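Listed features, source TrEMBL:
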TRANSMEM  A:34-51  transmembrane segment
TRANSMEM  A:58-77  transmembrane segment
TRANSMEM  A:83-103  transmembrane segment
TRANSMEM  A:115-135  transmembrane segment
TRANSMEM  A:155-177  transmembrane segment
TRANSMEM  A:198-222  transmembrane segment
TRANSMEM  A:234-256  transmembrane segment
TRANSMEM  A:268-293  transmembrane segment
TRANSMEM  A:299-317  transmembrane segment
TRANSMEM  A:329-347  transmembrane segment
TRANSMEM  A:359-377  transmembrane segment
TRANSMEM  A:398-421  transmembrane segment
Amino acid sequence: MSAAGSRLPTTTARAVVVAAVVGTVALAAHEPVVVAAVLGGTALAATTVGFDGSLRRVALASALLPTVVLGTLAVVAQSAGPTAVVLVFVGVTLGLGIGGVVVGSPSSAALRRAGIAAGAAAAVVVAGGLFALGLETSAQSQSPVDAAIWLTRDGLSGLFVGIVVAALAVAGGLLAVPPAAFATPASHDARVAARDALVRSVVLGGVVLAVGLLLVAAVGWVFPLVVAVADSAIVRGLLALVTASGLGLAALGIVVRRSWPRSSRENAIIPIVVGGVCGIVLLLGLAVGVLGWSVVTPLSTGTVVALGVGGALAWYVGILGKDGLPGPVGVIAGALAAGAVVLGALADGGATGLEAVRTGTTPFVALAASLLVYDLGRYGRGLAYEIGPEGATPRPQLVRFAWSATVAAVGVVVAAVGLWSATLLEPTLSVPATAGVLAGVVAVVIGVRFLLR
Amino acid sequence: MTDRGVHRLDRGEWALVAALALAGLGLATGSQVLVAAATLPLWYVAATVFGTRPSPSIRVRRQLAVGDTFESEATTENATEGGESDGPAGDPGDTVTVRTTVENVGPEPLVDLRVVDGVPDALPVSSGSPRRCATLEPGAETTLEYAVELRRGEHAFEDVSVRTRDLTGTVAETGTEPVLGDDALRCSSAVERVPLGGGTNDYAGEVPTDEGGSGVEFYAVREYASGDPVRSIDWRRYASTRDLATVEYRAERATRIVCVVDVRSSQHRAATAQLPAVELSASAAERTLETLLAAGHPTGIVTLHNRLLTTVSPGTDPETRRRATELLRAVRESESVDGVRARTLTSDPIATLPRTLPGEAQVYLFSSFVDDEALELVERLRTLGYAVRVVAPDVAHADDVATRLEALDRDTRLARARALGARVVDWPLDRPLGLVLHDAIGEVGGR
């Protein structure tokens, strides 16, 4: 039987998700914020998969990525204490795995795209932060917006410099855009000539306008009017906006120029960068509008750290390829097992009777869910390899799920009852004694196997 | 089931490792809960103990149908196990629906039965899946229904591969199962008749002409000329009018035929969800060639590349047949072929091709007409007096605007080819080629 596919059949995937949800509930019984962390991880996985789709989906995913990352980061920040932090990270990882099972694993290209989008958003925040820092250190008692508008100083000289800088920024932006963005091979020369003419016009027009204003100001009765224009916040705001647009266009053009010759025809650099930048700008603008300027510093810092580190990691994994990395089922099983170990290690060792059962049940259930997920994942991968998702009917998968779940449930019940009876009979049950019981169970299992073989 | 093999898929090693790891962690951290949790994976180890060898007993039937219409079930029921059958036949590109039914004829339920049908490697599966995993109660059955795209040749289905697992999923039995019913597909039917055009040479043959001479069909009566054979004199007229007249019969001449197959890059580019035009053209040319050679007409092949002409000169001998068939097969499979005269061109192949043809040959042109060069070739051939017949597979058939515009241009080209005097067969791909050639090329023309 040769290979047919790699993705889990639908029924098995649903069973894995059910088991993961059961494990999540077990973890949430100890730390409720785990639920939010799982949801955040799932959203992050779904957003990353969006980078595999059409250019529109890529742009949407890029725009959503900062919001999802910061939302997940906010959930992590809600946790108090090291145990909660660890469990929240387990929850995020669990959510990533669940998302991978539900919507599929992102390809290496999608990871690279997500890394670039996160990097672009982080770069915008860094650039904005540096600009704001520069304004702040200029010892002016203005708001950042006013400082940006009046960066070229007030008066006629400031207006002159503002017009020239705006013209140069627009011209630079136009020149930075690769000709392939607005021309076909047949119309290349004509379009480039038109672009060059436009650039010359913009520069010349800017210089003429600036010099003309200075000359006109020499006329006595016009001088007050020119001064009024020079000191107008609207005019300066428009100039600042044009300058910023020109610089943004130039930055985008440079990124596109560096990207296009090195990649395939399906180049998504523009939706990635535009979506990422728009997403972070909208997010920060919304946060400032709702919560005020006080959130800018912590939000920006968190954004740069989360998007920078996460983006770099995603990009690096995308470059290296995903060979050797665990699949989504392995991620879920590992996360649940890690959560079960954390809960088990922190369980109250002095509890007896039903209290011991209560403290032991949550790690038992999480561990059973982990084992169930792992077992179903092995079965599902084999089924997908031999038959493929299309030919796999639900019934044998449900039979397998029921069997594996029964084994796990029996294990949970026996472990809980065993723990209860052990602590009831011997409240100071020592670890060596428990290990002895475990060794006995192992010996029984091995003996039965040899007998039945 | 034959070739049985039993495998133990899982011995629970992973669970044992997990149990030991948990126990170690529990001992290291002094956690009773973790040590107790180490018993959990052991249940998965214990579960493998219950693994038993499945003993499947199944019966498999297969039905094949060109399109989606199946014959009656009775035919299949009467088929003998593993018996050879000719199976249905179709044209290249046809969709063949395969319905394979697996029935559990044993007393035990089959919890996890996996079946893979033995689809011939040459036939791509176009829809559905030839694989199935199902649970079957005693007497229950499951059906695999899928479609394959027919390719030229005879294709034999193999036995189905079967794998069953027990409830625990730890023991599997693998083997093959013979199949009742259809097990072969054919895609090699020849065209019944390929009508000829009017192009003939001066040698006696089978093609009627518009000139008088020796033949069997009455053509005209003319005034007697000295030297006319005595047996040609119309003695009845002489008896009534005492005038000598000579009866002429329709002369029959031999003809040579050249099948020109357009394999330029445009014939690949125009491919849609169907086979590419070049493959369709080559298949049509091959069937035409077989029929013409069977009728005794000297027939040759010319393949028209962007800068290359490969030719097999007209003939009726087995060597010509072999080389022509080999050339067309190579065209279909985009391979090079040895032993065929190839001429690399530095000039326009459309202008060069007519100069390489025998002067009195009939030309069959196989091209999709998705560009103007094919029309230009027809124009040049007609200008030089060749009888031209065009078989044009309609590959410009889709709903998007670009393809619809392409189809309009193509229709215009075909109309212009008709206006130039070529006989044009527009081949919609949902019609069998045999019918198209038989119905549309028309009756035998005269010179």
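In case you wondered, yes, glycine gets a Cβ from its N, Cα and C as well.
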Which sequence positions outside the transmembrane segment (A:34-51), separated from its termini by at least 6 residues, show Cβ-Cβ distances below 8 Å to it?
24, 27-28, 57-58, 60-62, 64-65, 68-69, 71-72, 75-76, 78, 87-100, 102-106, 109-111, 113-114, 117, 268, 272, 314, 328, 339
Among the ranges A:115-135, A:268-293, A:329-347, A:359-377, the one whose Cβ pairs under 8 Å to the transmembrane segment (A:83-103) are most numerous:
A:329-347
One stretch in A:58-77, A:115-135, A:234-256, A:329-347 has more Cβ pairs under 8 Å to the transmembrane segment (A:359-377) than the rest, namely A:329-347
Short question: most Cβ pairs under 8 Å with the transmembrane segment (A:268-293), which of A:58-77, A:115-135, A:234-256, A:329-347, A:398-421?
A:58-77
Give the nonlocal contacts of the transmembrane segment (A:115-135) in its own chain as ranges (CB under 8 Å, at least six residues past its ends).
51, 61-62, 65-66, 69, 142, 144, 147-148, 151, 255, 269, 272-273, 275-277, 279-281, 284, 300, 303-304, 307-308, 310-316, 318
Close approaches to the transmembrane segment (A:398-421) from elsewhere in its chain (Cβ under 8 angstroms; 6 or more beyond its ends):
11-12, 15, 19, 353-354, 356-357, 360-361, 364-365, 368-369, 371-372, 375-376, 379, 437
